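*Asks:* I grabbed these lines from Swiss-Prot:
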- ALA1: N-acetylalanine (MOD_RES)
- 24-59: domain 'EF-hand' (DOMAIN)
- ASP37, ASP39, SER41, PHE43, GLU45, GLU48: Ca(2+) binding site (BINDING)
Amino acid sequence: AFAGVLADADIKAALAGCAAAESFNYKTFFKFFAIIDQDHSGFIEEEELKLFLQTFSAGARALSDAETK
């Protein structure tokens, strides 16, 4: 799903980071999820997804309706 979106080297590095059994860091995953899930509902709603780029930079644009469907 990320092929063509992320660089192959980045995908390989992410997979290598949790290649060993029991090495997946769920705390890091949920930290990232919590940043996007701004209302802490346990779901990422469309309105939160629209603001996804702003988690990287406050001045980033909001995604359009078409981009979040």
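Counting starts with 1 at the first residue shown.
Glycine is treated like the rest: Cβ placed from N, Cα and C.
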*Asks:* Same-chain Cβ contacts of the domain 'EF-hand' (24-59) under 8 Å, 6 or more residues past its ends?
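*Replies:* Distal contacts: 18, 65, 67-69.
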*Asks:* Determine how many residues of the domain 'EF-hand' (24-59) DSSP places in helix, in strand and in coil.
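*Replies:* Its residues divide into 20 helix, 0 strand, 16 coil.
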*Asks:* So what's the average pLDDT for the domain 'EF-hand' (24-59)?
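*Replies:* When the pLDDT values over the domain 'EF-hand' (24-59) are averaged, the result is 86.
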*Asks:* Out of ASP37, ASP39, GLU45, GLU48, which of the binding-site residues is least crowded by other Cβ atoms within 10 Å?
*Replies:* ASP39
*Asks:* Using all protein chains in view, find how many other C-beta atoms are within 10 Å of the C-beta of PHE43 (Ca(2+) binding site).
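*Replies:* PHE43 (Ca(2+) binding site) is surrounded by 9 other Cβ atoms within 10 Å.
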*Asks:* Counting every protein chain present, what is the number of Cβ atoms, excluding its own, within 10 Å of the Cβ of SER41 (Ca(2+) binding site)?
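*Replies:* A 10 Å sphere around the Cβ of SER41 (Ca(2+) binding site) contains 9 other Cβ atoms.
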